[in-house]
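Over in TrEMBL, the protein carries these features:
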- 3-118: domain 'Response regulatory' (DOMAIN)
- 52: 4-aspartylphosphate (MOD_RES)
């Protein structure tokens, strides 16, 4: 199907998200932080990026802003399980995330969001 990039500092979450997306037929690349994710997007572009918001090093909000600046047509899903996740996810939407997910979320909604973004026109 499509190449999806998953960015999350929590390896367990990254692996679960990757497993769900691979089971749905997608190729998945993984990064443990925003800087690595941006570098991966430069070298092997993904159609959709699924990124955590609260991460050490480069925060997800900053990652979304930088991805949007460099790849304006990139489709982005933000996810967060932090105490202030509603605020973080609102900020992510304002900066250009197309969809937001509150952790924990079911695998079905993740696949639904990714597939919807893949069907949507660029821009």
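Positions of Cβ are set from backbone N, Cα and C atoms, glycine also.
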Per DSSP, what is the helix/strand/coil residue tally across the domain 'Response regulatory' (3-118)?
57 helix, 25 strand, 34 coil
What mean pLDDT score does the domain 'Response regulatory' (3-118) have in the model?
93
Residues satisfying Cβ distance under 8 Å from residue 52 (4-aspartylphosphate), sequence separation of at least 6:
7, 8, 9, 10, 13, 60, 78, 79, 80
